Every structure is written in C-alpha cells, then in structure tokens.
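Chemist: Let me give you the structure first, and then I'll get to my questions.
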Number of protein chains: 2
Amino acid sequence: MRRYLRVDWRAGLSLVGTLLALLSLAFVVPILVALAYGGEDLWVFVASMALTAGFGVALRRLDSEPKPGAREAFFVVAFTWLFAAMFGALPYVLAGNGTVAYPVNALFESMSGFTTTGATVMGDISFDTHSRAIMMWRQATQWLGGMGIIVLAVAILSQMAVGGAQLMEAEAPGPGISKLTPHIAETARVLWIAYIGFTALLMASLYALSVVAPELAPEMNLYNAIAHGFSTLPTGGFSTEARSIEAFSPAVQWLIVPFMFIAGVNFVLWWHVISGDPWELLRDNEFRFYLGAISLFSLVGTVILFFDASLQTPPTGQIGGHFERSLRYSVFQITSMTNSTGFANMDFNEWGHSAKALLLFVMFIGGSTGSTGGGIKILRWLVILKSLRREVFTTIHPEAVRPVRMNGQPLDEDAIRGIYAFTLLFLGLFFVGFLLLSADASRLPEFNPHTLDLLTASIATLGNIGPGFGVVGPMGSYNGFPVTSKLLMVVYMWIGRLEIFPVLVLLTAAYWRS
Amino acid sequence: MRRYLRVDWRAGLSLVGTLLALLSLAFVVPILVALAYGGEDLWVFVASMALTAGFGVALRRLDSEPKPGAREAFFVVAFTWLFAAMFGALPYVLAGNGTVAYPVNALFESMSGFTTTGATVMGDISFDTHSRAIMMWRQATQWLGGMGIIVLAVAILSQMAVGGAQLMEAEAPGPGISKLTPHIAETARVLWIAYIGFTALLMASLYALSVVAPELAPEMNLYNAIAHGFSTLPTGGFSTEARSIEAFSPAVQWLIVPFMFIAGVNFVLWWHVISGDPWELLRDNEFRFYLGAISLFSLVGTVILFFDASLQTPPTGQIGGHFERSLRYSVFQITSMTNSTGFANMDFNEWGHSAKALLLFVMFIGGSTGSTGGGIKILRWLVILKSLRREVFTTIHPEAVRPVRMNGQPLDEDAIRGIYAFTLLFLGLFFVGFLLLSADASRLPEFNPHTLDLLTASIATLGNIGPGFGVVGPMGSYNGFPVTSKLLMVVYMWIGRLEIFPVLVLLTAAYWRS
Ligand SMILES: [K+]
Ligand SMILES: [K+]
C-alpha cells in the first residue's frame, strides 16, 4: 500500500495515537471528581482511560519513528478530533444514564464538547440523572478542545494557508514561532500559558465571589466555578445547569462577560499583552473590529430590549424600561452569540422579533482568528468588507490599483480570494445543512421544529455556537432530531471546527495519490 | 453645480428622458386592448401616456446634446428603471380599482413588472375587479422590462465589469458589438430579433393550440396567449389568472416549459443559433451547466413527487405514483424557480419538506448571464465551483499555479474575485432583507408569516423570482406586508435587477466627486 500513496498515513496515524495517549491523561480530572463525590462512575473513567491509552499506543506502533510532513498535517488534524470525540464519548455510554447513553447521542455530546460547540442532546441536565464526574467530564472536553483549537489555529491552519488563515496575526514574541513542525510545541507552550492563566483567573474569581460575598452569588461553589471555568475560555458554552448561566446571579453573569470576550480574541495578542506590549492589542485591526462590533450590537440590543415593554421573564421579571437588565441581557447574549460561546443568561426565545433578528445576525460573525471562537471569523469579514469597498471603487475607476490593507500591510490577492472562497463554502454548507435537516425532519411526524429552528441548528453546529432558536434554544435540546440529522450535525461540528478545508482535501483523489 | 460634480447628471437625466419618451409609446398596447374591450380605462392609459411623454421630454431639455460617458451609464441605468416603475404605476392609481390603487402598492406592482420579478400585491386577480387593459398592461411591463434587461446585461453590465459580468459570452456576430455606447443600438437590434421572435412564436403556438385543438387547451384564447407570451420570455411570471399556469391544461403547461427554458439562456447564444451556428450553444460552458442543473434537479424532483403518496391536489388529483404528473410538476417548477420565472402550475406549498427544500435551493441559482433571468446566475456559480475546486487543490499543492478556465479561456483573477464579491454581497443583502422583513413583520400583530415565508420573500424579490412559500406562495400575495416592508422590497427588486453595483456606486462620494 505504502508505495502507491504519497500520504504517509502510517506516520499520520502514529502521531494521532500519540495525541490520543496524551488525551487519556485527561481522564484524571473526572477520576478525581468521582473520588471526591463517593466514587460514583469511577470505573467508567478508569475503563475509558485504559481503552483510550491502549488504542493510542496501538496506533503509535504503526510507525515507530513517524516523520509527518505538511501533507500529513491535514490527516492528523482531522483524525485527532474524530478519535478524540469517539473515545471521549465512552464515559457517556459506559455510565449508561439518560439520553446520552445511546451511542449516537454520546458521540454528538462528545463531538460538541471537543469542538467547543456546546450543543447538547442531554435530556436531563441535573445531578439526579448524571454523576458529578460525568458532568465535569462534559465540561472538561470543551477545555481540552479549546487547547487543541489554539494550537490548530495559530500553528497549523495559518501555515496551511487554509481559507486565508495565512493572514492571521501569528507572530508571537520568541524565536521562529512562525515555522510549522519544529516549533509547534513552543507556540503551544506560549499560548497555553495565556489560556491556562485566564481559565485559572476565572475559576478563582467565581469561587472567591462565592466565598467573600455569598449573598451576591448564592448558587456558586467550587464545583460550579471549575465547571464554568472549563467551558468559558474555549467559547464552549456547556453548563452543569439546565438553565445555563441564568441559574446564577447578576454578579456572576457580569463576571463571566469579560472572560467570554477574552476567549474570542487571538491568543497571540494576549501573549503580547502578558509579555508587556499591551498596545499590540489595540493596534490590531481584527481586535478593534471585534471590540467595535460587540460594542455596537450590544448597544443596539440594549435599546431594543429597553423599549420592549412586553418582555416578561420570570424569575428575572420585567426587562423593558429596566436599564441594568436590558444592558446585562444584551451584552451577555451578544458577546456569547457573536464569538460562538453559546452561554445564555435567559431564554432569548422570549425576545421580540427585532432582538432575535439581531442575535441571528451576529451568529454569522464568529470569533477572531487564533481564538477559540468558531464561525466565519472577524478577520474574514473585515477583509471582505474592505475588499467590497474596493470593488465598488474599481467599478467607478477601473484603472485604479488599490491593495486591501490589514494592520497597514497590503494583502496578497490570493489570500483575499481564499477568504471569499472559505466564506462562500461555509455559507453554502450552512444552507445545504438547513435543507437536509428540513427534509430529514419531515421523517418524524411528532418532531415539528420551525424553519427558524432548523436554520439556527445548521449555523449553530457548523459555526460551533451551540444553541439556536426554538427547540434548539439555550434551554432546549438537540435530542428530538432524527439519528441521521444528529450524525449530519456531528460532521458539521467537526468540519466547522477544522475550518472545512483540512477535511475537504481528504476527500480528493489528488490528496492521496498525486 | 455642474463644475463641482464630475458626473454629467444633466446629460444622464436627458438620456433617461429620451428613454421615458420612448417608453410612453408602449401605452399603445393597453390602449388597443381598451378599445377592443369597450373602452374601459381608455382615458387612464391616454393620460399615463401623456404624463410619461411630457416628463420625458422635459427631462430631455436638461441637455439638448447629451454626451453621456461610461460613468453616466450607472446613473442612466438606475434612474431609467426607477422612473419606468414610477410612471408605469400611474395606470393602477388612475384606474383606482382594488389594492393596487394605493400608490405604494401601484409602485410595487409596477417595479415588479419592469424588473420581471412577478411578485404581486394585487388582491383580486380577475376581470371582476380589473379591466382587460389594466391586466394586459401588467403583463406588458414585464415584456418591456425584459427588453431593457437584455440590452443592460449584454451591452452595458459586461462593459462595466460589474461583479464579473465581463466574463459573459457577449460576442454576438456582427462588427464591434463589444464596444459600449456607439454600438448599443446595434447589439439591441440583434438580440431583440431573438427576443421578439421567441415571444411571437409562443403567442402563436398558444393561440394555434386553442384554435386547432380546443379540447386540449379549453382556457386558452387570444388574450391569454398574448398575456402569457408577454410574461414568459422576460422570465416575468405575472399571469392574468389567479392560479397562474395551473389555470391551464397540461398541454399548455408543457408548451410553456421550453419557452421558460429558452428565456434563461444568454440571448447572444440564441443569436448564434439563429444565424446558423447552433454548435456555439452546445459548446458554451454556462449553457451546459444550465441544462445539466435543470435536468438533474427536475429528475430529483420527479422522483420525490412520484414517491410522495400523500400528495393530494385538487383539481389535479393524486401526483404520487403518477409519472406524467410528477414529471410535469417537477420540470415546470424547477425550470420556473431556477431561472427566476416564477410561474406555477400548482401551489407548491402543498409539496412535502424534501421537494420544497429542493425548490428553495434552486431559487438561489438564477438564469444565465445575458438572459432575462435574475439572481446570482449560472456563470457565477460555475466560476465559484471551479475556483473552489482549485482552492482545495492549491491547499494540497501550494506551489501549483492553475488558472480557472471558462470556454477554454483562462479567467482573469480580478474577474473571479469580482464574482465572489458579487455573490457574497447578494447573499448578504438577502440575509439582511430577511432580518429587516422579520423585524418589520412584528409591527403588524395580525400579519403572521412564517420564517420561511420571509426568507423566500427576500430572495424572491432580490432575485426577481416573484413567488416564495407560504403567504407569498404562487397563489398568495405580498399585500399583507407593512408599507415599510413593501418599500424595502421595491428597492430589492430594483437593485437585484441591476446587479447591485450600479446602484451601490451611486451611493458613494467617490462616484459624484472624484
Ligand atoms: K460554543
Ligand atoms: K420572475
């Protein structure tokens, strides 16, 4: 076989095996939680750890000295997420509780975790049905996924020139970080310091608030602080509470907002800030656009909610006419839905048409490049807007030559075309996903989602957001979908997270043979 | 003023005036119809003719020797359609019958006519409410709009390099047809021969069928033959029957199909066929893709309808299991919705989810460049698909240089980028239109369209298709929308028809001053 394929698939699988073996160490987290809470589901995680490590080690044997090249990177990236999702699903199946015990549901929940999507098929999100260890594992999959995404985005996709990703601000301080294979570990170390640091800061802040001012955070405790720290920085959106962040006090909601915002920023910029050059952040065009978009849409949302007198939401009561509530619900939801976090501090299905239209709009924006956010991403929209402005100008002045600039540098036209191609492909997949979900939904007469629910289900999975509207709303569930739809959405979460092209090239004959 | 503006707006308006004066001659058609049917509404059209001619002549006086250049072309194109719609609305207001007597509704109906959209706000489509002359004027506006579109597409947009339109097959036989101003009249003459010829052939065929075999076409007569000849070749979709083409027999429906198909093909290719080179048609990549897409989707639709046993549609009865009906409904609707005609031979709201999803999908395709069809258009999708394939290839082989080819010629990269830009802008406007219609719909509590209705209202107006789903279905009406939504859709029909950029440049300071 090896002679006929140009791809060194043995080397690729061997590297995937190494990464799976490393991933198996992560089961230590739920094992510790199980031990702390009387040992429930302890065997589940020990068994999962053993199976994952065993499979990883077996894969490693395919090639004892793997030398994966640039071409194998596509392979490694695609299969790492796929296998991580499959082995991460084991605990749900082995524990055998609730809807996630069914293999397809378990795979959905696990893929949703590792892709930091946050869409759930868990029927009953409570400790009545699931152990503390299982619920913490669900949160931890998002945090692990986020670690992978940062490295993927900064060190790998930018080198693959996938969909214009080469334009990303990927120059972290320190030597040679822009070269692929030899320096991945170095890049990872630098960015993970920021990622781990912010996570620890959020966990500590939430816990400190619950200890210092328990009256301000009655529902917060160490377990919840850790659980939500795990799902905020990866723009994950899983919660151990059925009502997401609505379960917590306004003080906790406000505390989470800046960390959600941080999660949607290129971590290379945070590394600049940490290493003493905060101005790099404010000079960056993508950051300024991200900050501007979230500020503008939060303001618009606040005005809409403030003047919507009909909005009644027990237990929080009237929003219309109440400034702090209008501001809090708007800022929280706009930040959460723009950068693909997917947390909710209320059921926004209750909002009026205008406010919902605004939320639907921002769902198509996405996070920054080099962040854990999903979707089309800020940088691409910024390049598209600048390029469209130029297109109008050159329609009037066909002779004019005007480069599109980003951070002062003229952009390569190939990169601009790559960004257009990615964006159209993303929107095309979103639309096809919506059509397939629509056609598939009609197979189940008792499952009657609205068109808008299906539209948002497609973008919420492909864009790794999590919740949408209606049945897939923030307090809802993807459990009602037919199995075929669930499998489609598993694929959508996977390819959306990997920015489509790494999976797409695997489907071409040119990749394997030429 | 003139010294400060680089645009010679006087010359532009003068030319618009000339075109309006010519347009006033078209009122002869409804005047003849009024005379044939007892003189009802005769004064309406005489008055409309006088007002239009008077305004046109007045505008001409702004510049007695207009020398409009390339820049003024944007201005002339945008204002010609706007003024045509405004003066074409006069008869509806002056006749004073039904919903279209209200000025905004009259403008909507007239813009829908001249842009060949076919969306209607006419509450009662029947001769009980409206005169034969008014109904024929409504049909004639589409045919006049189609005449304008062919010249616009082939002679003007392709020279403006709007959204990649420079790639169009615009080389008609005959000397120098590719140069702008001096040869517009020549290009127009050549293409109008084809347009007028196909229209006359359809009218004659329909009428001949009703005379020779009245049992095969019981509802057809001379009036209906002329009326539907007027709205087929411009991919218009207006009908004098409330139930569109469902009002006619299967024989009539089958007869209309090839003419609908013809209307979506680049008329330059028809000129080649007429002048003795039919192979030019089959060699053209865009035509082959158009033929292939309609064949494929018609086949898929036939299969879906055939196996949908639940489909009951009085008066036509069962479709599922009936081959001719499945084929006829599928071929007719797929052709009609793909190339933006918008005719219906049944209320496709009754179709199942899968068949409706297919229809929704093809609504985003559009006609060929140089045809009367609207939307994103076949050529652009073909270039995008080829470019995406290359993008995947260069992701694997970053060093490879592979031009995208069309009809064997390598394409200019600027044109490819222009096509991406146009398509994304079109899709962006579609989405924003949907959001604005959604927010606006909530102002009228008694108006409760589904999300899908609003989605299709946006694409059906921007893409000049006409009908959508639900309340805006083929047997429905746009009359229920708030006035603000109607005005938005008037603008959408207008900018969609002109391929966006000619209107967009008018909104920039660079157009007027630099
Ligand atoms: K998420
Ligand atoms: K139409």
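Cβ from N, Cα, C; glycine included.
Remember, TrEMBL labels are computer predictions, not curated facts.
Feature table excerpt (TrEMBL):
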- B:12-36: transmembrane segment (TRANSMEM)
- B:42-62: transmembrane segment (TRANSMEM)
- B:74-94: transmembrane segment (TRANSMEM)
- B:143-168: transmembrane segment (TRANSMEM)
- B:188-209: transmembrane segment (TRANSMEM)
- B:251-275: transmembrane segment (TRANSMEM)
- B:287-307: transmembrane segment (TRANSMEM)
- B:357-379: transmembrane segment (TRANSMEM)
- B:419-439: transmembrane segment (TRANSMEM)
- B:491-512: transmembrane segment (TRANSMEM)
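Help me picture where these features are in the structure shown.
Modeler: Among residues of the same chain six or more beyond the transmembrane segment (B:12-36), those with a C-beta under 8 A of the stretch's C-beta atoms are 42, 44-46, 48-50, 52-53, 55-64, 66, 68, 72, 75-76, 79-80, 83-84, 87-88, 91, 131-134, 136-137, 140, 144.
Remote same-chain partners of the transmembrane segment (B:42-62), defined as residues 6 or more beyond its termini with a Cβ less than 8 Å from a stretch Cβ, comprise 10-11, 13-14, 16-25, 27-28, 30-31, 34-35, 83, 87, 90-91, 94-95, 133-134, 137.
Long-range contacts of the transmembrane segment (B:188-209) within its own chain (CB-CB distance under 8 A, at least 6 residues past either end) are made by residues 143, 146-147, 150-151, 154-155, 172-174, 177, 216-217, 220-222, 224-226, 228-230, 232-233, 251-252, 255-256, 259, 262-263, 267-268, 270-271, 274, 372.
When Cβ-Cβ distances below 8 Å are used as the criterion, the transmembrane segment (B:287-307) is approached by residues 261, 264-266, 269, 281, 319-323, 325-327, 329-331, 333-335, 338-339, 351-352, 354-355, 358-359, 361-362, 365, 367-368, 378, 381-382 of the same chain, each at least six residues removed from its ends.
Same-chain neighbours of the transmembrane segment (B:357-379): 115-117, 146, 149-150, 153-154, 158, 164-165, 167-170, 195, 233-236, 263-269, 286-287, 289-290, 293, 297, 300-301, 304, 333-334, 337-341, 348, 351, 406, 422-423, 426-427, 452, 455-456, 459-460, 463-465, 468-469, 496-497, counting only residues six or more beyond its ends whose CB sits under 8 Å from a CB of the stretch.
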Chemist: Looking only at residues six or more beyond either end of the transmembrane segment (B:491-512), which have a C-beta under 8 A from one in the stretch?
Modeler: 5-7, 71, 73-75, 77-78, 81-82, 85, 111-112, 115-117, 119, 145, 149, 152, 157, 160, 162-163, 165, 374-375, 422, 425-426, 429, 433, 458, 461-464
Chemist: Could you pull out which residues elsewhere in the chain have a CB under 8 Å from any CB of the transmembrane segment (B:419-439), counting only those six or more residues past its ends?
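Modeler: Beyond its ends, the transmembrane segment (B:419-439) has Cβ neighbours at 162-164, 167, 376, 380, 383-384, 387, 451, 454-455, 457-459, 461-463, 481, 485, 488-489, 492, 495-496, 499-501.
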